[in-house]
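According to Swiss-Prot, the feature domain 'ABC transporter' maps to 5-220, an assignment based on sequence analysis. Marked as ATP binding site by Swiss-Prot: GLY37, PRO38, ASN39, GLY40, ALA41, GLY42, LYS43, SER44. What Swiss-Prot records for 236-262 is region 'Disordered'.
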Amino acid sequence: MSSLVSLEQLCVEFDDRRVLDNISMELEKGKITTLIGPNGAGKSTLVKVILGLQKPTSGKLVKAKKLKIGYVPQKLKLNDSLPLNVIRFLNLAGKYSKQECLDALRLVGAEHLIKSNMHRLSGGENQRVLLARALLQRPDLLVLDEPAQGVDVQGQIDLYDLIESIRHRFDCAVFMVSHDLHLVMAKTDDVICLHHHVCCSGSPATITQHPSYIALFGNAARESLAFYHHDHEHHHHDLSGSPVSGDATSCSNHNHGHHHHD
């Protein structure tokens, strides 16, 4: 797999306060990487760095040449007083034909929404339209910030299934910020646990056993996910039907105290 984005000892400071400390990571073509961490851990800042919206204070950021990034924001604020249907919304970021818009919407199962009012979409419908907008660019890297926020449980399952299918269809990298721990563990290749620095990173099966993960998310999260692993690993497959890997995990032993996840 080839690296699309590489961070080496990257730091970001605001008013002498270090928000990101010595971050080293890679986003690879064809892989889903999920970022987790408590509120105020620097997750949004890291996303901005990768999108090119925040300059690092120090360290190195390397992106593949001509890298195309599709971005699905956590929240989309639209002026309620301005009528805006889906096809007009999709064309705000560029000029696309009706067929191109239909094709993108069809990929996410939302072609029937092309003439719908953006203000009347459900949480799940809204996320699918945002995903379609990102796919219009045929991205090499898809960045999703809390993609399942405001979506019901079944909608979350469907959305993560969709993201996984998009990864395979486009052979793109996916970088996702999420707090839906159960669903994340089933659908991701790698997990990065962030609390200003990288506390631990690696495969889902090993990350949940690490003391840094337990310190951030508590024993309840570990026990709940232990049940998830027991329920699925005895079949040697995760929820997506893929074999469970035993990849090694790289972790650092920092004491964080107990925090609630966002």
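Along the chain as shown, the residues are counted starting at 1.
Glycine residues also receive a Cβ, built from the backbone N, Cα and C atoms like all the rest.
Fewest Cβ neighbours within 10 Å among the binding-site residues ASN39, SER44: this applies to ASN39. Around the Cβ of LYS43 (ATP binding site), 23 further Cβ atoms fall within 10 Å across all displayed protein chains. Working note on the binding-site residues GLY40, GLY42: by count of other C-beta atoms within 10 Å of each C-beta, GLY42 ranks first. Residue density at ALA41 (ATP binding site): 24 other Cβ atoms are found within 10 A of its Cβ, drawing on all protein chains shown. Under the three-state DSSP scheme, PRO38 (ATP binding site) falls in the strand class.
Take the CB of GLY37 (ATP binding site) and look out to 10 A: across all protein chains shown you find 24 other CB atoms. PRO38 (ATP binding site) has a Cβ environment of 19 other Cβ atoms inside 10 Å.
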